């Protein structure tokens, strides 16, 4: 019953809290010293105590346990959940003691990941500074920016676009060298080795924590069937009994997985639904990317037809920035939609255990969100500018939209703009606003409502114990969203 209550998120009062005030100063030290000295003389004194003395001793032990929990919470708040101690190592032992092993392992992984990012960021800064130092010696930039090489280039679009000079791409070419120089090859090799080193380092850290926290074989012992799976098995068993016209039904929750289980035929409709929905969602992503391509082509032609010279001079920047913002908004919306779709598809499969449920949910969510977040970036990096054609034989879409070419100086600057707006936008909007701003707003609304409530309600809120106040907090959504956020950053 306790296990099923935990699965169903039932919150029940399980303990009472007793407040105890400890003495401080010299008397406390003297009493603790005397108790330690006299402790070997009466190790079993509790057995001969009266019932009321035993009850007081048990009550004091509960008070001491509650005091230790409150002290752990206060210590975590001061030494861990505080921006001023970001440079300190995490108290992983206290995190595991207060939140459990699963959350403790997550924060251990997150701390190691943050620590390993320090050398990667330093090498990245050095590569960027090398690009700044050698920008004047870059031969392609020098040839583009040279005033004598006044090369005339073909129009970037039909009818409304005019011929342009290659020297106008001087600034873009110089800026591209900051991110694409010979040192970036070394940085790519370094990051590949860094990823392998990080994985091996985490495996070693995880095995050490498993040994220290006694987690060896923990998953095998705690891997219980889910209630939904047991219900489906019971339905299958009942339907078979009805078909065989047996009046006596003997099946219990303890032997359901022995008597009957869900096979491939039972899950075949769910698997087919998963395949169709996954392909449909990926198709939606490609359709949106194609729509953004058409938006860039049509907007570029419309801005070139403008009578304002300032608008015509900043066509490329306007189109690139607005397209990146549209991609960001679409990614944020589809992230929520794909997360709900992935959970719905996983529920249809009826996995047997919670571990299997999380693994399938993570796989589906990662696939959908990967295509959602990185399809525009992959198109700009590998396909844009290569599906254009040549002068006199350009490639058209719908017989009127000519495929777009790379901007002046190549597609790398547009790729940097797309990555910057997408990554920074997701961090500022999706992570900071949704994870920090909205909870603080809800807390402010609850505070305002409590001020507007009756006096009895305020008095009742004041008398709530800590565990009773925690009952009204927002429910914990699990670690899957956190791991998905980190996996997208790693990719």
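A Cβ is built for glycine as well, from the same backbone N, Cα and C atoms used for every other residue.
According to TrEMBL, the feature domain 'Anoctamin dimerisation' maps to 1-66 (among others).
In terms of DSSP secondary structure, the domain 'Anoctamin dimerisation' (68-92) contains 16 helix, 0 strand, 9 coil. Feature annotation from TrEMBL assigns domain 'Anoctamin dimerisation' to 68-92 (among others).
Taken from TrEMBL, the feature domain 'Anoctamin transmembrane' covers 95-486.
According to TrEMBL, the feature transmembrane segment maps to 106-130 (among others).
Packing against the transmembrane segment (183-199) from elsewhere in the chain are residues 112-113, 116, 119-120, 123-124, 126-127, 130-131, 490: each is 6 or more residues past its ends and has a CB under 8 Å from a CB in it. The feature transmembrane segment is assigned by TrEMBL to 183-199 (among others).
For 275-297 (among others), the entry in TrEMBL reads transmembrane segment. Same-chain neighbours of the transmembrane segment (275-297): 157, 319, 323, 326-327, 330, 334, 338, 341, 345, 364, 367-368, 371-372, 375-376, 379, 397, 401-404, counting only residues six or more beyond its ends whose CB sits under 8 Å from a CB of the stretch.
Sequence annotations record features per position, and here TrEMBL assigns transmembrane segment to 317-341 (among others). Tertiary neighbourhood of the transmembrane segment (317-341): same-chain residues 277, 281, 284-285, 288, 292, 295-296, 299-300, 303, 311, 365, 368-369, 372-373, 376, 407, 414, 417-418, 421-422, 425-426, 429-430, 481, selected by CB-CB distance under 8 Å and a gap of 6+ residues from either end.
Marked as transmembrane segment by TrEMBL: 361-382 (among others). If one looks beyond the transmembrane segment (361-382) by at least 6 residues along the same chain, the residues whose Cβ comes under 8 Å of a Cβ in the stretch are 274, 278, 281-282, 285-286, 289, 292-293, 327, 331, 334-335, 338-339, 341-343, 345-346, 411, 414-415, 418-419, 422, 426, 480, 483-484, 487-488, 491.
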